[in-house]
Amino acid sequence: MQLVCPAGNLPALKAAVDAGADAVYVGLRDQTNARAFPGLNFNDEELRQGIAYAQARLRKVYLALNTYPDSVRLSQWYAAVDKAAELGCDAIIAAEMAVLDYATRRHSQMARHLSVQGSATTAPALRYMHERFGISRAVLPRVLSVQQVERLCEQAPVPIEVFAFGSLCIMVEGRCQLSSYVTGASPNRHGVCSPASFVRWEEHDDGGRSVRLNRVLIDRFEPAEPAGYPTVCKGRFAVGGETFHALEEPTSLNTLELLPRLASAGVAALKIEGRQRGVAYVASVTRTWRDALDRYKVAPDRWKARPEWQAGLAKHAEGHQTTLGPYHRHWH
Amino acid sequence: MHAMKLSLGPLQYFWPRERTLAFYREAAQWPLDIIYLGETVCSKRRELRTQDWIALAAELANSGKQIVLSSLALIEAESELGVLQRLIDQGQGWIEANDLSAVQLCRARGVPFVAGPTLNVYNHRALAMLMEDGLRRWVPGVEQGAVLIDELRAALLEDGGSMPELEVIGFGRLPLSYSARCFTARALDIAKDQCGFRCIDYPDGLPLATREGRPFLRINGIQIQGEEITDLGPELATLRSLGVDVLRLYPQAEGMADIVAHFDLARRAPTAPPRIGARNGYWHGAPGMRSVDLP
């Protein structure tokens with residue numbers, strides 16, 4: 001299984017490569033990708049250097065072009081596809097049909113991976129993308145149980161990549177308008193979720209804090225309580241007279257213990273989430289998964305998730321909590 | 001002035017069998033042009049089974065309305081694909097395709113389809129490609145407002161294409177997101193696998209408020225909706241000038257006959273009707289819930 005790691009800048013890309021990533025995925029400094037955050041991502045020169053660094057070490061660089069352009073902005077996405085080809089990216093990761101179609105027609109030699117944002121959860125959906133746009137890999141939304149991933153690997157027309165670790169979108173990717181409903185800024189259209197410019201923290205006299213997203217109260221924290229980033233899906237709300245994390249707790253996905261099962265299922269690549277995270281995260285998480293994958297390769301029958309791997313990963317998780325998420329039926 | 005068509009969108013909630021059948025028996029008498037039938041949210045909801053929906057479609061076809069069978073927005077299991085295949089194979093009419101699986105299976109069978117609001121069509125090229133696949137009508141996603149739709153239309157015409165029928169969500173709570181998780185079961189602290197179909201107790205969804213008591217969202221099984229019932233009635237003139245062909249009204253538990261009558265009157269009246277729901281911020285290029293901040 002290939003290990004695909006995130007990089008939000010050139011130092012993170014180098015750290016991922018040095019720590020053993022087989023491929024690194026990156027984005028440009030605009031709304032063509034789903035982590036369009038201020039201060040993040042690559043300009044042309046950085047991307048050129050990043051590709052040179054990775055390819056000199058026989059690793060790959062994928063460019064995420066996985067947002068949904070409207071008609072007026074389509075040419076900007078086309079230009080990004082051209083840039084990926086010109087700079088020699090090993091693949092683009094795209095979700096939207098016009099972007100995939102353009103890449104297919106203009107740069108047929110450049111591999112096209114279907115992004116998680118494409119919301120394709122079934123073999124027919126993948127067949128559509130394969131027949132229409134010749135995708136050579138698909139990243140699955142984080143909604144399927146491990147049994148469903150296994151079945152899909154058998155039937156899919158292309159190799160499958162799944163999320164292994166990182167922040168957990170609990171909604172079907174590409175199908176979530178919660179940020180958009182509150183702020184007008186959407187993952188699909190603008191590459192952002194709950195952008196920082198809409199976040200307001202309020203300090204209370206007792207030392208507690210409240211956090212609002214465009215004036216909507218997402219959560220309140222006691223003085224000593226850890227406070228996470230305010231996305232709608234991880235806030236606390238009142239339902240039926242009780243206040244709790246009505247959609248999901250602040251927690252991260254960690255599938256380490258499923259590694260043998262994903263490998264047996266024929267999963268082609270494991271993806272680490274977190275282009276918005278720093279160099280330390282990328283280096284540490286990549287190193288752990290590299291070690292885990294290497295040891296599995298040497299002795300699959302004797303492989304066990306080591307406590308020190310799990311402890312290291314938990315340190316990088318939201319709220320220091322991890323979950324198997326939708327891979328495990330109980331999460332549903 | 002051509003009268004805009006009125007459609008009854010698929011029932012998003014889970015109602016008891018008799019209530020559902022009675023609702024549609026009444027709806028057959030309402031001044032609607034199109035009725036969408038079927039389960040779009042959760043495949044475990046089986047007060048009406050697939051064969052029941054197909055039979056209901058056949059029965060309602062006699063009302064002179066166009067009947068369209070809607071597909072699940074999120075398909076995970078093979079059994080759900082089997083249901084989708086049966087909807088497509090019934091051979092009576094169009095399908096509302098709410099994911100790419102439905103597009104692929106319709107395309108393979110040559111069955112015309114309506115692109116539902118979760119299909120993610122954001123530009124004219126995607127729309128043109130789906131038209132090659134059999135798309136006949138397009139329901140834009142909830143976050144697309146007047147300007148985006150107008151720009152798409154202009155780009156499509158400039159490319160030598162023509163718009164399919166355009167259907168806009170005119171009334172109802174906006175579907176905002178879908179998950180593998182059932183939030184109704186989570187709220188009731190029960191497992192999804194043993195959920196007891198408790199969403200049947202919430203015929204308009206389960207209200208979710210902020211910690212300061214502001215109504216915010218509705219939990220509807222694996223779907224999250226905005227709390228506000230949006231209403232584009234007062235914007236009918238803009239809708240007409242944009243070439244909107246069909247106005248979609250989502251079923252609510254109470255007063256649906258009056259709501260349909262209100263829009264039927266509005267579509268034939270020269271002046272805009274009074275507002276009976278919330279302003280839809282999205283339509284004006286603002287956050288969807290913008291209306292809460294307005295008088």
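Any Cβ shown, glycine's included, is placed from N, Cα and C.
Copied over from TrEMBL, here are the features:
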- A:CYS169, A:CYS176, A:CYS193, A:CYS233: [4Fe-4S] cluster binding site (BINDING)
Chain B, Cβ under 8 Å: which of the binding-site residues A:CYS169, A:CYS176, A:CYS193 qualify
A:CYS176
Using a 10 angstroms cut-off on Cβ to Cβ distances, just flag whichever of A:CYS176, A:CYS233 is the loneliest among these binding-site residues.
A:CYS233
Taking DSSP three-state, what's A:CYS169 ([4Fe-4S] cluster binding site) in: helix, strand or coil?
coil
What three-state class does DSSP give A:CYS176 ([4Fe-4S] cluster binding site)?
coil
By the DSSP assignment reduced to helix, strand and coil, which category contains A:CYS193 ([4Fe-4S] cluster binding site)?
coil
